[in-house]
Amino acid sequence: MDKQPATSWSIHTRPEIIAKYEIFERVGSGAYADVYRARRLSDGLIVALKEIFDYQSAFREIDALTILNGSPNVVVMHEYFWREEENAVLVLEFLRSDLAAVIRDGKRKKKVEGGDGFSVGEIKRWMIQILTGVDACHRNLIVHRDLKPGNMLISDDGVLKLADFGQARILMEHDIVASDENQQAYKLEDKDGETSEPPEVIPDYENSPRQGSDGQEREAMSKDEYFRQVEELKAKQVVRDDTDKDSNVHDGDISCLATCTVSEMDDDLGRNSFSYDADEAVDDTQGLMTSCVGTRWFRPPELLYGSTMYGLEVDLWSLGCVFAELLSLEPLFPGISDIDQISRVTNVLGNLNEEVWPGCVDLPDYKSISFAKVESPLGIEGCLPNHSGDVISLLKKLICYDPASRATTMEMLNDKYLSEEPLPVPVSELYVPPTMSGPDEDSPRKWNDYREMDSDSDFDGFGPMNVKPTSSGFTIEFP
């Protein structure tokens, strides 16, 4: 199959689709995909039809959702249509709300009614569902790479499901996506014949066997074992496709019901002047990946500094940012540019150096930019002053410079915070707003104000700077 985006044409002209689905209004549109609400003619089920114009995003999303079929906290793909010279069309379950809408509603309630926005029990239940979904990805060595509230969809009965896998990367080989150009539709069945609901109790991940998409049980993996396996995968050069050779922001700027929301990345499509050139950096024969993925506010330091050798840990940082936003109803690091993003992280965690992250000096952009020493970092506790020590301790396990120090999803699910009083509320007691977040509402803090700034330069707003030539280019120092 040609790996160039197919010519876009209306989904209404596809006979194999209109024979099975009654297509209603378009509910989302972007540069690389359109989403329609539709009804399955055989049983009246309301679904979302996602037509993807970009080969890379389509391949990734189909591959990941096929592997994760049956995971209770991952969006369901019922089937998909994909032929030579045609756009892929995914048939997804229709979910009308997302976590960004929940956070926005919580912020409104806090302003009108006072209080904290969410109860501790509500936050715990949301986090358990998020962690369970990400754990399913990581058990199958799938890196989502764009975790944020707008990509966490919610059913009417409170079940949260991860969505928008257009930037996902699979760190192991799967032969999932069919390549027969004569075949029109590929149907997926749930493993047990129906969609399972998430458990009302916290899963015992330490003692339960791990199960992959093939149904085979796997032993629980320690953190050391995980890192060993990832290094082996990199050494064996099993990252098989070349889809990271382009900037992977395709689904980041699309607003779609049941799939994704408008991203803050739309002013950041190009790489800034100090960033590692991912187009030149990515060498699939060496198992490298692009650093230009994910939404900036949730992007970890290793990506901000241009790393192309990373793993599941990038999702763990993003999880920490989502957790912090649930707690405070504000984004933790709402950077207006990549430099501003690094600056905000530095002001909270302190300067990045070998002491806090051994090996950080080898990051592609580490020597290209530096900030004055932060004498008194704000710290996570400074960002969330009204929260308990247990909450701060949990966040610090995710929001830390060294990727190897971040807690895995398994460790997070077994943390005492999630099992002690006050207990997580039942899923049925979670309030779900009737609609999902609209454009530019993925995180609530005045994003439109940021976008109205006169210049999109990463260097504006920082005052004086020192640019020094070096043998390999230049460095930028901010006082």
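Placed from the backbone N, Cα and C atoms, the Cβ positions cover glycine too.
Residues Val27, Gly28, Ser29, Gly30, Ala31, Tyr32, Ala33, Asp34, Val35 are given by Swiss-Prot as ATP binders; from Lys50, Lys107, that same site also lists Lys50. Per Swiss-Prot, the phosphoserine annotation among the candidates Ser10, Ser179, Ser275 falls on Ser179.
According to Swiss-Prot, the listed position annotated as phosphoserine out of Ser247, Ser437, Ser457 is Ser247. Per Swiss-Prot, the annotated phosphothreonine among residues Thr13, Thr290, Thr295, Thr346 corresponds to Thr290. Other Cβ atoms within 10 Å of the Cβ of Asp146 (active site, proton acceptor) number 29 in total over all chains.
Following the DSSP three-state reduction, the secondary structure of Asp146 (active site, proton acceptor) is coil.
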